[in-house]
Structure formats: C-alpha cells, structure tokens
Amino acid sequence: MYASNKTYPSSRALPCLVEKVEAQHVDGAIRVRITTLEQKDWRQAKAAAVEAKYEAEREIQLRAHGNVKDIEITRESAFEHFATDPWAQHVGVDIEAQRERLLAEPGSRKILIIGAGFGGLLFAVRLIQTGRFTAEDITMIDSAAGFGGTWYWNRYPGLMCDTESYIYMPLLEETGYMPRNKYASGNEIREHAERIAQTYGLATRAMFRTVVEKLDWNEAEKVWTVAGSMLGIANNGQRDNMMSFQMVSQFTIMASGSFASPRVPDYPNIFDYKGKLFHTARWDYNYTGGSVENPKMLGLADKTVAIIGTGASAVQIVPQLAKYSNKLIVFQRTPAAVDARNNCPTDPVWWETETQAEGTGWQKRRQENFNAFTCNEKPLPSVNKVDDGWTRMPSFSILIGGPQGLDPDYVDRMRAVDMNRQEKIRARAHNIVQSEGSADLLTPWYPGWCKRPCFHDDYLSAFNLPNVELVDIRHNGISHFTANGLVANDIEYELDVIILSTGYTVPVTRASPSSRANIAVSGRNGTTMEAKWANGLATLHGVMTRDLPNLFFAGTSQAGACVNLVYALDQNATHVAYILANAFDRRPSDSARVIIEPTPGSEEAWAMQVLQRAAGFRGIAGCTPGYLNGYGMDASSLSPEQQINAARLAAWGEGIASYVRYLEAWRAKGDLNGIELTFFAKF
C-alpha cells in the first residue's frame with residue numbers, strides 16, 4: 001500500500017483535500033496511490049470549499065426566508081401589549097405632573113430633543129458644555145417612562161453589553177463613575193443613563209410616555225410645529241387615555257434609536273395560539289418569576305418554553321432559560337457566531353492607575369484605540385488597549401468602513417483573515433457542544449461580518465443540558481401556530497410559553513430618521529424627510545439637510561459608523577453642538593432667531609464624497625439574509641439610478657476616524673463653511 005507521511009487538518013463538512021486516488025491489483029493485493037495537494041493548493045481548495053458552503057447556506061436561507069410580514073403591533077388589539085411599557089409604574093417619577101409642567105412653559109421650546117437614550121442625552125450634554133445653552137433651554141421627549149433608550153426597554157435575564165463598558169458607557173470621565181465589570185449589565189447601563197441626566201440637570205426636562213407623530217416647519221414663524229400624543233401611565237403603561245398635544249420649537253434634534261419597537265413576524269395562525277406569548281424587549285417577569293435585579297425564573301419550573309430566534313439577545317437569554325425551564329426548545333434559522341467573552345470585575349487599583357496615567361481625555365483615546373483595531377487602521381496602534389474579541393476581528397471593517405476599504409483586493413484579503421477566525425468559531429462550537437448533530441447546527445457558515453458577532457461563555461454549553469432541544473428551521477421555517485404551540489418541520493410542539501427573540505422593526509434599508517421614529521416630517525415647501533432619503537440623499541456631514549431647517553439628526557447615512565455606537569453618537573452630538581453654539585454667537589441681537597441649513601452646493605458635495613467611498617462596503621453583498629443587508633436584497637435588481645440613490649445612503653466608507661478628522665478640521669476653520677445662516681427678528 002502507498003502511504004503518505006503528510007498530515008492535514010480536518011475540516012468538518014468539507015470535501016477531503018486529495019487530488020487523486022488510484023487503485024490497482026498487484027500480486028493479488030490492492031495497491032492504492034493517493035496524490036495530495038501541495039500546501040498552497042490545499043489552502044486554495046479549502047477556501048473554495050468554504051465559499052461554496054457559504055453560498056449554499058445563503059441559498060437555503062433565501063428560499064426559506066420567504067415573505068413573512070411583520071404585525072403592526074399598535075394596530076392589532078391582540079398584540080397591543082407588545083407596545084406597552086411594563087416598567088412605567090416603577091420609575092419613581094410623577095410623569096404626568098412633569099409633562100404638564102413642561103407643556104405649561106410659555107413660548108416656544110428653544111431646543112427639542114426626541115429620544116432620551118444615550119443619543120439624546122449626549123446631544124443635551126454637549127449643548128450644555130458649550131456654555132451657550134442650559135438644561136432649561138432643552139426639552140426631551142421619549143415614549144418610555146425613563147432614560148436609557150433600548151436599555152430602558154430591554155430588561156431580559158442575562159442582559160449585558162458586548163462592547164467594553166469603559167468605552168461604551170458615555171461620560172465616565174465627566175461623571176467619575178467606574179463600571180463594575182469589563183462588560184456591564186443592562187441594569188448598570190440604565191442606571192448610568194439616569195446618572196447622566198441627574199448630573200446635567202436633565203432629569204426634570206423630559207416628557208416621558210410621550211410620542212411625537214408630526215413635525216411641520218412653519219416658514220412664517222421660523223419654528224417647528226410639534227404634534228403628538230401623551231400616553232397613559234396606568235395599567236402597565238398601555239396606550240390608554242391618550243391625550244394629544246402640540247408645541248413649537250426653534251430647533252429639533254431627532255435622536256430616536258433603531259431598537260425600540262419589537263418585531264413580531266406574522267406567522268400563519270399566530271392569533272390562534274392560546275398560551276403565553278411575549279417578546280424579549282418586553283420581558284414578562286410576572287409570568288416567568290424573578291425580577292430585573294434577581295432573575296430567578298421559578299415560574300418556569302413546570303413549563304415547556306420556546307424561544308424563536310438566536311441573535312444577540314437569545315445568546316444571552318438561552319443560558320438563563322435553560323437554568324430554570326422544565327423544557328427549553330430553541331428554534332434557530334441562522335446560528336450565531338459565538339466567541340468567548342471573558343468578563344471580569346473592574347480592578348479599582350488598575351482603574352485608578354489607568355485613568356490617572358492617561359489623564360484628561362482618557363476615555364475618548366481608549367474609544368479611538370478600539371476603533372482603530374475594529375476599522376483596521378493602517379498602521380495600527382502599538383498597544384491594543386481593549387484587547388477583546390472585537391479588536392481581534394479586523395474583517396468587521398467590511399461592514400463599518402475603514403481606510404483600506406477601497407483597496408481593490410481588500411475584500412479578498414479580509415475574506416482570508418475572516419476565514420481563519422470563523423474556522424476557530426466553528427471549532428469552538430464543536431469543542432463545547434457534546435452532541436455532534438447540535439454542534440453541526442450551531443456552526444455558522446457565513447463571513448463573520450454578515451451577522452453581529454456574539455460573545456458569551458455559557459451559550460453553547462447550554463445545549464449540553466438534557467432539558468434543552470435545538471430545532472433547525474432554516475429549510476422550512478415555522479409552518480404555522482396552533483392553539484397549543486406551533487408546527488415546524490411537520491412536527492407540532494406543544495408549548496406553555498413562546499418567547500419571540502425576533503429583533504426590532506428596523507427598516508430593511510438605511511431608512512430616514514423619520515421612518516425609524518415613525519414621525520411624519522415636513523419642511524419648507526412641503527419637502528418631506530422621506531422624500532429626501534428616497535430621491536438621492538444629500539446632507540451636510542450626515543447631520544442636517546436643506547429644506548428641513550433647524551432640524552438635526554443622528555444616524556449612519558452619510559456619517560461615520562463604528563462598532564461602538566455611543567462613540568458615533570457622541571461625534572454627531574459634539575458637531576451639532578458646535579454648529580448651534582457658533583450660529584447663536586453670530587446673531588445680531590439676543591432676540592433674533594437664527595435659521596440654519598446647508599447650502600445646496602455643500603450638501604451635494606458631501607454626498608459626492610460619500611459616493612466616492614461607498615464601494616468600501618461592497619463585501620456585504622453575498623451575505624445570508626438579515627437586517628444588515630435588507631434580508632438578502634439583490635442590488636443588481638435595481639436600476640442604475642436606484643443603485644446610486646442607495647449608495648448615497650451609505651456611511652462614510654473610510655471609517656469613523658477619517659470622518660471625525662474631517663469634522664474636526666472643518667470646525668477648526670471656524671467659518672461654518674457650507675452652512676447658510678439667516679436671522680429672523682421676532683417682534
């Protein structure tokens with residue numbers, strides 16, 4: 001027999017990397033000759049096999065994804081509770097009295113901020129820090145009953161942030177707060193939002209449980225007319241006893257996040273289900289038992305529990321459900337790519353030494369060090385300060401942009417780097433999960449940037465527990481619901497409770513701020529924000545656009561994007577605060593109103609800059625369906641004009657550092673170049 005002394009690493013679910021096998025009879029025996037590939041050829045063949053597996057997986061999911069619509073939860077009485085606020089009665093604030101007091105303030109609001117999460121808070125704080133504005137100049141509005149945005153709504157068991165707390169939790173330097181762990185719990189993050197509000201006098205400046213529905217520019221008065229509804233507080237914050245309201249504001253800032261409204265897929269016969277049904281973003285501790293502070297879900301001890309979806313939220317929830325449920329069934333379409341998190345308590349000695357040694361501005365420098373690694377800057381800093389799974393994933397720059405993104409071979413280079421990382425992720429699943437079948441199902445076959453990477457130390461091992469079952473629905477999906485459960489793969493599962501971990505109603509394309517917030521925005525001459533986004537977007541720096549004067553917004557379209565969303569929001573806030581403060585300084589008198597908007601030429605020039613860099617995101621094509629790529633939307637089906645309009649909606653393709661440098665250089669000139677200022681004397 002012919003034998004080779006070479007050994008080759010195994011690769012599950014991949015073809016054997018052998019070039020030729022020959023067999024012949026010699027002297028009554030069978031002699032086999034195996035011709036193996038050389039190392040370079042082996043790597044190429046392996047890469048081709050992985051790419052083929054990626055494409056096959058994508059095709060399976062595109063066929064299975066189908067056309068499942070979403071239920072409009074505010075219009076279906078059976079699902080109204082998905083839109084309610086289960087925490088409204090526990091905030092310790094007289095929300096109705098505070099709303100009435102703020103509404104009774106005479107005259108127009110100077111600055112209205114829509115959203116009281118970290119985005120809204122950062123806009124408010126950076127405005128106050130200019131010295132031109134005070135907290136009394138600011139009114140904040142949010143549909144929640146407290147500060148925190150997505151961290152207000154999400155209180156499910158196991159909730160944590162997968163971005164390091166020292167860079168994610170804003171204004172640590174200003175508030176003097178030390179996070180308890182490297183990765184903070186949702187509870188701690190929400191408390192920090194409240195701390196910021198208290199520190200800057202904003203706690204009494206918010207109209208909670210209030211929804212803005214319309215913004216209309218009054219050209220004669222040079223103000224925004226704001227119309228909406230004040231929601232009920234009783235009955236767990238249901239949308240009862242709504243009262244309409246109207247106010248006017250000189251300036252409006254839209255800081256609504258993208259993760260507020262739960263996504264409820266309209267599965268066939270979902271209305272027939274008689275058991276308990278809720279969404280992870282509206283966790284029902286009354287049913288499960290436990291609380292936010294102590295999530296011992298003893299109410300599930302005799303229950304068969306299903307969770308649909310295995311994204312970032314489910315990765316954190318599944319280990320907790322597995323611990324307390326009699327039976328847990330996890331319905332999975334796309335497996336998460338789960339790396340280690342390695343959380344640890346903050347060492348006070350290290351904290352004191354680190355912050356003192358770094359001095360003023362330490363948090364911003366740490367954030368930017370993190371950005372350099374995740375955007376794959378060249379050259380990289382000599383020290384990786386955060387040094388975690390994110391900073392060891394340069395391929396994620398395909399999704400958020402980076403300075404090398406326009407290199408012709410960049411996507412190919414990142415595919416090679418990412419393939420090694422994903423191979424380790426796949427090996428990790430097989431090393432931890434004992435069942436070969438479950439391990440195969442939990443193995444991700446897609447580039448790492450196609451889904452949000454996850455980091456958790458207990459998720460995969462939860463599938464080793466005898467009370468946990470994994471159901472693969474990527475081929476056929478969920479067929480329909482029944483009175484007692486649901487049907488998948490022609491099997492009916494009887495369930496006491498179904499938990500939807502199906503994400504949020506994020507539009508499938510880079511939607512306008514008005515679409516994300518469900519607000520109708522109409523500017524000068526009836527120009528709508530929706531039309532601006534649909535018909536060839538042009539902005540100045542991604543924060544303002546012509547014919548919507550005195551209106552500012554946060555987002556990624558024509559602005560910088562990064563893993564650490566809070567850093568990007570802070571750059572938006574710092575920039576807008578500078579513009580507003582400098583515009584106010586130029587008023588001919590204190591009583592004069594200022595109207596701010598970009599010139600047509602400046603916003604079109606900025607759009608062209610964005611277009612020139614949009615090719616940096618070309619690696620997103622070919623991903624498995626998900627909200628990051630419009631659930632598999634095929635750009636080739638668009639007309640050339642539609643493709644250009646879509647490219648105008650992209651983020652700044654050179655990465656967040658390039659974007660910030662551009663803004664800082666623009667501010668350093670001090671001339672508000674590209675902005676048209678007019679002044680209006682109000683008598």
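We count from 1, first residue shown onward.
Using the three backbone atoms N, Cα and C, a Cβ is placed for every residue, glycine included.
Quick look at what Swiss-Prot lists:
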BINDING   T150, W151, Y152, W153, D162, T163, Y168  FAD binding site
BINDING   M160, C161, D162, T310, G311, A312, S313, A314, V315, Q316, R333, T334  NADP(+) binding site
CARBOHYD  N5  N-linked glycosylation site
CARBOHYD  N286  N-linked glycosylation site
CARBOHYD  N525  N-linked glycosylation site
CARBOHYD  N572  N-linked glycosylation site
SITE      R452  site 'Transition state stabilizer'
TRANSMEM  111-131  transmembrane segment
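A 10 Å cutoff on Cβ-Cβ distances gives N525 (N-linked glycosylation site) a total of 8 other Cβ atoms nearby, all chains included. G311 (NADP(+) binding site) carries neither a helix nor a strand DSSP state and counts as coil. Just so you know, the Cβ of S313 (NADP(+) binding site) picks up 24 other Cβ atoms within 10 Å once every protein chain is counted. Long-range neighbours of M160 (NADP(+) binding site) (same chain, six or more residues apart, CB within less than 8 Å of its CB): Y183, A184, S185, G186, Q316, N343. Spatially, by CA atoms, the recorded positions N286, G311, S313, R452 include one closest to T150 (FAD binding site), and that is S313. In this structure, the C-alpha atom of V315 (NADP(+) binding site) lies 22 angstrom from that of N286 (N-linked glycosylation site). Separation of the C-alpha atoms of W153 (FAD binding site) and R333 (NADP(+) binding site): 25 Å, rounded to the nearest whole number. Around the Cβ of W151 (FAD binding site), the same chain contributes G117, F118, G186, I189, R190, A193, each under 8 angstroms and 6 or more positions distant in sequence. Between the alpha carbons (Cα) of N572 (N-linked glycosylation site) and Y168 (FAD binding site) lies a span of roughly 16 Å.
Cα distances from R333 (NADP(+) binding site) to the recorded positions D162, N286, R452 are smallest for R452.
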